[in-house]
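Following: one structure in structure tokens, then a few remarks.
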Amino acid sequence: MTSVEQRTATAVFSRTGSRMAERRLAFMLVAPAAMLMVAVTAYPIGYALWLSLQRNNLATPNDTAFIGLGNYHTILIDRYWWTALAVTLAITAVSVTIEFVLGLALALVMHRTLIGKGLVRTAVLIPYGIVTVVASYSWYYAWTPGTGYLANLLPYDSAPLTQQIPSLGIVVIAEVWKTTPFMSLLLLAGLALVPEDLLRAAQVDGASAWRRLTKVILPMIKPAIVVALLFRTLDAFRIFDNIYVLTGGSNNTGSVSILGYDNLFKGFNVGLGSAISVLIFGCVAVIAFIFIKLFGAAAPGGEPSGR
């Protein structure tokens, strides 16, 4: 082996050893938090999984038995599950899309505001600081016929909360109003990392505001965008409060979380309710996995390229 080859091999081994040492350090730093998380969450998840494999109804406590995947079969062949899943996915897709567009616009405004920047940020974040149930009731009363200021704008005898599509539209509005500030806050953090010199150089080169946004700003804040979309998608998929207050899940407006609540706390069916919660957990895990695979290193937990 020549001296050049020896130096090359030494450099490769050095980089490999450095990477392994870096990963060992990362595992050591993460281990305490990971162990605490496992200790707190492993038992509830495991117990829910165990209950999902049993016929367990509190109304008939003496009729408990292990039935394997029977509860999952019952759920997956039932139209109520698929209706609730479709409603959940529709609310998630529409609300997160609108929140991203509005959140990006608000983030750009807050980032560029020169006077009263703190006041603008505080005003934008107020809706996010309101308890979801309180905000939901404010929307509920606003759309109640006869007393609601928004319902009074509609034709006489209109009751939007008694119809599926109008109800889902109101749920989306409530979601967007409440959580757009969260989206804008995450995107604002990403905008702070965009070099002003780069934007000025693009402007000098004749790039329009739209091209600076699409060719410079958005690519550079991609990690912040992915984090914001991932967190909001997972949160929106588990929607419960707004639907529970506004419609109670009636008229085919219930989400998968509402379906689980109805089976567990209204029907006292611990087995079916636990199975639904496990399915929700599985759906959330699949969504997170898809985000990581689609966006790679930009997604939380993604593997950096070349590593």
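Just so you know, glycine gets a Cβ as well, placed from its N, Cα and C.
Copied from Swiss-Prot, the annotated features are:
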- 25-45: transmembrane segment (TRANSMEM)
- 85-291: domain 'ABC transmembrane type-1' (DOMAIN)
- 89-109: transmembrane segment (TRANSMEM)
- 123-143: transmembrane segment (TRANSMEM)
- 168-188: transmembrane segment (TRANSMEM)
- 217-237: transmembrane segment (TRANSMEM)
- 272-292: transmembrane segment (TRANSMEM)
Folded-back contacts onto the transmembrane segment (123-143), same chain, C-beta under 8 angstroms, at least six residues removed: 106, 110, 149-151, 160-161, 170, 173-174, 177-182, 184-185, 241-242, 244-246
Close approaches to the transmembrane segment (25-45) from elsewhere in its chain (Cβ under 8 angstroms; 6 or more beyond its ends): 281
